[in-house]
């Protein structure tokens, strides 16, 4: 949902939009809670409170102040990610298709012939890093830029088996127009940029597990971050390959040679970062014009020095000349060298050309060896061709996508590799590598071992759920890693499947109860965003591809009502109960009936079950930004930090009742996952709360009324307002609590409206209006370790007779309290009080 804050109402009506006017009788937190549970996508928030907007944004719900109608029109028609700290709106708006254009934030693409293969009459537009160049389109009171591009489709095309780009991009645009927007992917780059800038400033050592190409720009400015990936393809790994011949295959209609060069250099750069944790000088020989340097410059101040007879416009220092092996002495330490020398073939005879290529390959290799033979802190990437070669067994092979698969590949070596054992590799084996292997990632660092790192902050986004990881080892890492942000796939199945298929792999599934964490926040993507200064206009949907975000060691853990809080906890319930269910009271009715409380009068205002916990369990797929386990634990240990607002603390028994209702709901729905989750949450409640039951009571609290509107034959009809199991020495403690609650007890609006047979020969009158105070009293006794209440649900009633009587119904009648007392069962009254 998105909240657009206005000072005045607007005349225009928008689809899927609701108006909410700030309620001055309620505080900012309660207003935020009410807004978050509205069911429409767009909320126009009138007479807004800035504090309420802050609360929503911290909860991951995008809430933006609107000053002009243009701002309203722009934000209401598309989704966006909001940086609420720096007041920047990142639109995810594809309406630019109506201008017959596709967009890119990678400058190199604009220098290709891609426009020859677009839809008729279409053009390509460069919009800069995260759409930064579009800011001029929006003259708003907040910074605004459109981060939507088609780079995902362009890159997917490059790695696909499709050659016809026009058909491919047409298909992708149609998909985009007919399926739900994958907004988490769109906002992920904004999130990653913010995340790692924050972590690097707060932690001296940061580890990142499983980065992919979409992160290749994110880490350019963070050489200190240790990357773990799937490892490199080494020269020695070719021993598994059978010999093949030249294949020759076109991968792309438009020229992607620059993309290949960029990937080669970035792969080399991240190898250097992995070894030396600082930025090198980047030397490049050949590969002009290297327009992609402009893309790298958007993210980092890396320095480039280049050699090529052709211009390289974005180089810091360009030598418009050939580079010879004698020039290697000009290259400094603390650098990387990219050698991409190959003379254009033009009209040269094939055999003569092949001889030239092989000579240049040997020359390239000699340049690399000479560069690595002296000095320190050096990594080299060199262009090779398939031919009989001796190569270091530990050197890394690269074959990033290029326009046509021919005979070229690349080799990365560091100083140690260049001096390592060399092995003869036949030409046919290298052709086999070229024909069958595409390097899919610029990150080729070693795989991560699932072990706790003592002094590092570990980030593992979408990297650990794969079933080639041991599930118990993943759980152990989450439990024991002190500082971390780790994601795992949430169990969205209804049959409690331990793993699910995704693309061509299988992932383990998890629930929050799979983890034993006391100082970790377990939330959703949008809940996590709120903790890093971001919010989003479209909440996560239960697609089956959803992840739990687990933050360990965060200073926000105790800020219970600010982050990963209960905002939107009833939203799914509202959507169902007002559109699909038998009555809007269905949730209240079901919760009472499933706990054998059959008095449904006023059930919507006097419910005996925690609606928060019930909704968090049965609709966990729709709102898992609310960290239920943390909420339970912090209340149980009395450590919950509440910033403000009228905050109701549930008695532990209300939480137990909610689990019981959720379990019955799950059985009716045949939802085995909710059934397990509810059982495990109930076990967790019993673990963190020291709940004792007065199932063998020796004292009770009684309430005598001045008026009973029914006939009775018991001596003193009264309401048993709870039973206790205490020693006589604890009586003063009980009395002290009763005195503390005196005012609230006598203010209860107690009513009755019918009689019924509680069981055979026990004739009683119903009592309404006391449950809220009962649970508050329960909490007060619990905190003083006084055993109060039984394991079965408290159903308030007044016993009228120990015989069978006819049921009577009357108009709701107020019962006036005469006095309240504490009495020993089968004993004397030890305390009483009147108003």
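Using the three backbone atoms N, Cα and C, a Cβ is placed for every residue, glycine included.
Taken verbatim from Swiss-Prot:
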type	residues	note
ACT_SITE	718	active site, for 2'-5'-phosphodiesterase activity
ACT_SITE	720	active site, for 2'-5'-phosphodiesterase activity
ACT_SITE	797	active site, for 2'-5'-phosphodiesterase activity
ACT_SITE	799	active site, for 2'-5'-phosphodiesterase activity
REGION	171-245	region 'N7-methyltransferase activity'
REGION	246-428	region '2'-O-methyltransferase activity'
REGION	429-555	region 'N7-methyltransferase activity'
REGION	556-692	region 'GTase/RTPase activity'
REGION	693-835	region '2'-5'-phosphodiesterase activity'
Cβ atoms other than its own within 10 Å of the Cβ of residue 797 (active site, for 2'-5'-phosphodiesterase activity), all chains, total 19
How long is the line from the C-alpha of residue 720 (active site, for 2'-5'-phosphodiesterase activity) to the C-alpha of residue 797 (active site, for 2'-5'-phosphodiesterase activity), rounded to the nearest angstrom?
7
If you draw a 10 Å sphere around the Cβ of residue 799 (active site, for 2'-5'-phosphodiesterase activity), how many other Cβ atoms fall inside it, taking every protein chain shown into account?
17
Return only the integer: C-alpha distance in Å from residue 799 (active site, for 2'-5'-phosphodiesterase activity) to residue 718 (active site, for 2'-5'-phosphodiesterase activity).
7
Using the alpha carbons only, what distance in Å do you get between residue 797 (active site, for 2'-5'-phosphodiesterase activity) and residue 718 (active site, for 2'-5'-phosphodiesterase activity) once rounded?
8
Rounded mean pLDDT for the residues that make up the region '2'-5'-phosphodiesterase activity' (693-835)
95
Given the active-site residues 718, 720, and counting only Cβ atoms in the protein chains shown, which has the most within 10 Å of its Cβ?
718
Within the region 'N7-methyltransferase activity' (171-245), how many residues are helix, strand or coil going by DSSP?
37 helix, 9 strand, 29 coil
